[in-house]
Amino acid sequence: MASVVAPGADHRPMHGHACIRCAERKVKCDRRQPCDACTRHNADCIFRPLPPRKKRKQLTKEEILLRRIKLYELTLEDKGVDPRELDKSPVVRAPMQKEDHVSTSMSEAPQLPSPNYTFGPEGAISKPRLIHGKGRSKFLDNGLWTRVIEELHESVDALGDSSDDTSDQDEITENVADVVLGSINTPRSLDNLHPYPDQILALWQIYLRNVNPVMKLIHAPTIDKAIQHTASHSEKVSKSVEALLFAIYSVAVMSMQDKDCEQRFGQPRKPLLSRYVRATKLALSRANLMGTSNIVVLQAFLLHLASVRDSYDSRTLWNMLGVAIRIAEGMGMHRDGSTLGLPPFDSEIRRRMWWEMSLLDQKSGDLSGHSKFGAFDGDTKLPQCPANVDDHELFPTMRSPPEESKKVTDSLYCAMRADLFAYWSNYAVRRRKEGMSGNMLGNHANGEDLQDKDKAIEDFEQMLESKYVRYLDPSQPLQFLSMLVARAVVSKARFMVHHPKRWNGTQNIPVPEREYVWRLSIKLLQQYNMIRLSPYLQRFSWYTAYYFPWQTFIHVLDTMRLNPLMAEAPEVWQLIEETYRSFPNLIIKTRELPCVAISNLCLKAYQVYTVALMKDGKPVARAPDFIETLRRQREQAGGFRAERETKDLLRPPAVPSPQQRRLQRPLQGTLPVCDNQAQMSIDDPTAWSTGGVSENLQTSSTNVPGASGSFEFSPGNEIDIFADQAIDWSEWDAILGDPSLMPMPLMTEFPE
């Protein structure tokens, strides 16, 4: 009987590798000597001894540093930067704290740890850094994070962006972009929302003609390739590019006239715009807007804001632009790309985007009652102004920055606007450093202060004339617009410096000053009307409507009310009629308080004018069409109001709840609060009665300019709502500058 060997009793030696015979036959070896396979075949079991392990060469710190430098130089060459040129720039070395620690200053060559991701200049632990690659950027200006990134410099996770991630796993979770874009259910595919291929190309051409000349947010030659690809393969587009494409569709439709949209696409403009705006929101949500570091997603969001700015009130738009600016700062756009080691092409595109954002932010902030240039603190690290170069002079592989052109280019308008903005922001910073107000508008008649501002305006005008205006050809639409805008900006600057509210009452304004401001006001309105009504500039009408000179128009109307029989009164009323024609929102926007208040002032001024003519024994001509329209709207609003009041009298009184009693309490000295959930059409005549305000709020007094404390803001009241004295500009500032005091526009145009 065979003996049983207990497990573990095998004392054959164990090797760490297979024997020669098993290795050659490619069979499993139990690595014992002899192995079972060789024993079964009565073969010799031979194990080849392993060669001794090679000792790894220990690199010195200098060798490690040289290898890194070589890698960075190769990466710089791939990015179009010649490392030898960097040696020509002055280098300032920071003192070394220890022998084993090397610290470089911000002016040394940028550290590029890998070919795929670009790091900004590496210095002390608190120095800012930029991670840049594959169309994404992340800016770090925090000691903790810059140290963490040093440990993650070879990891894709350093950028932490899923804008183009093909996985839909995260889409089932709550989307933080709902806060900005609204609550939307994001589908897994948007292929069915793209236009037909021929329509894609048509919308792209409309964008290039109407939008791109005045908003340089993208590089058209680069995007053109994506457009051509999408026209034939829309299902193969990345999420970020898809968001940009839908944003282009939206803003292109927004820039069109109603009749043009019907002719080109066979659909009314409003529903077509609604469709593409909704698709843009879906695409931005899919591209992870709120967590993105992708520049294409940011471009899409900015174009989306441009397409909906007529549907959002100024405060909402300002807040949404704040989101865009915060995303841009996260990408380091508030620092010039040349200081972050970025290629020239990337640096120039980022400059264009940053300045366009800044201009939009300042304009919407101005309309929201925020001081213009108030946020500037003299930061010398802000990006340079965009270069005045043609788009075809920019390309991703360019090795050196584009040379500034002294001729007219396709980016001249945007470069001029950036120069304009930079000039006045720097002026405001200088004045604040000298202990003076940075606001162009002073609160009192300070002669010395006025001379300083007038001198700044003269220098500004000379800069525009010498650098831009003298090269412009008015027969070219974009150049004609640039010329008119340059001169209108100078006129507006002078008007704001000499604004009537600098004086405590019109009776204190010297006659020469009063005449000077009057001529400025007339000139500025004429310039604006020329911009709006010129047939050469109709393609830009969507853009120019955003820059209506509210305060200038109010001053003209108030002057006509106080001095109705001035010598040029007939010509001025023709100018006012032309202004209503150039800016139809003054009549259409019956729910917006500034338009309603201005129309009341206009009707009062015209009534004073006709009464003065009759008293003077002069013939009274038929009222202009816009005056008749305003009167009909008032009468119709009064009829609706009277009907409601009659129904209220016939309705039996009900015992109000505590909440209703609280709502019905008079609001002394404030304007009515808007009920932005009310479903009202912009053509609803009852809006003239309440200004779009919820009827649940009963008010006994408002801050309507010129109204008494007991006046209820309603066109149904007597027309004599303005006192004979000059208007109170502080009340008009409240209406024009604080959207919380005016009804918010309803988003019925773009349903979710």
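Here the Cβ of each residue, glycine as well, is placed from N, Cα and C on the backbone.
Of the listed segments 151-177, 367-393, 637-663, 691-717, TrEMBL assigns region 'Disordered' to 637-663. Assigned with DSSP, the residues of the domain 'Zn(2)-C6 fungal-type' (18-47) fall into helix, strand and coil as follows: 11 helix, 1 strand, 18 coil. If you take every residue in the domain 'Zn(2)-C6 fungal-type' (18-47) and average the pLDDT, you get 89.
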